[in-house]
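Taken straight from TrEMBL:
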type	residues	note
DOMAIN	B:8-101	domain 'Peptidase S26'
ACT_SITE	B:Ser38	active site
ACT_SITE	B:Lys91	active site
DOMAIN	B:109-148	domain 'Peptidase S26'
Amino acid sequence: MGEWSRSVIPIVRGLCFLYVTNKYLGTTVITYGPSMLPTLCITGNVLLVERISTRTGKLRPGDVVILRSPEAPRKVVCKRLMGMEGDQVTYVVDPKNSDRCKTVVVIPKGHVWVEGDNIYNTNDSRNFGAVPYGLLEGRAFWTLLPRKDFGTLPPKPR
Amino acid sequence: MGTPSVLWNVAKKCFTVGVITLTVSDLFASIVPVRGASMSPTFNPKTNSLLDSLSDDRVLVEKLCLRNYKFSHGDVIVFSSPNNHKEKHVKRIVGLPGDWVGTIYDVVHVPEGHCWVEGDNSASSLDSRSFGPVPLGLVKGRITHILWPPQRVGSVDRKIPQNRVSSS
């Protein structure tokens, strides 16, 4: 009994430590899809995500964040934070048809506004509305792959 | 010579226990106190304003439901408040995605990925009637048993309100 526990406990401790680091400090994510073009590729990026900014509330508009989709709780999506609670957000409702249909929204308390960089092909707060802060999972701060994008993530393109 | 290695062993044991407890309470189940009277009489039935933290109900919250986010009508869940991510609320699921829920004034459709929650004590409960449907991603666990006080230990049953919900 003693020998068995001596070899199992370090393994269990190691796995739990990995889980705690993954959940509370940071993790890597693989993104795919067109909604964050040109910042992220359609075929996929590997990003380093830290979870400390979300816990301490130190996120700022312009950060690339990953969050649980409000439409499907098992899906985690990557978008750019564009507004915090109390901010006024102006956006184009349907950029393909006319870029003069602007709507102004005040973000409610406890919510944030997220948008994909590719306004022509993204499902974001313009579709599903302001997102409760509790759905945010982390902030992406470094691109690992592809090699040409290695480094910090660029700011929102104009 | 002896003290540093004793300290190191104690620190290692604390780290092991801490990390394993944190993982188990995140992935399997944890015990939390329930504050407030919004789920009376299921939890905290004595609506005493002098309720101190020692007499709050302690309940078992299971986290296995977060693998699939598959809930049933009448489940009691713990979720982060949509208005303040630091607060957690305990309410009962009345409507699942796709349902139509009847409130006093109108009938609300619960969108995909959301649920409609209400407290058992409708008179004093801040729930979906004020802040709308709650995204399922905010759910942190499902309450299955009451563990304290001893006279009310037992499982928490699903209670489904009659004639208020129409499922699709």
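Cβ coordinates come from backbone N, Cα and C, glycine included.
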Legend entry - DSSP-assigned states of the domain 'Peptidase S26' (B:109-148) in counts, ordered helix, strand, coil: 10 helix, 18 strand, 12 coil
Legend entry - Integer Cα-Cα distance in angstrom, B:Lys91 (active site) to B:Ser38 (active site): 8
Inset, instruction - Provide the number of Cβ atoms within 10 Å of the Cβ of B:Ser38 (active site), excluding the reference atom itself. - result: 23
Inset, instruction - Provide the three-state DSSP residue tally for the domain 'Peptidase S26' (B:8-101): helix first, then strand, then coil. - result: 26 helix, 32 strand, 36 coil
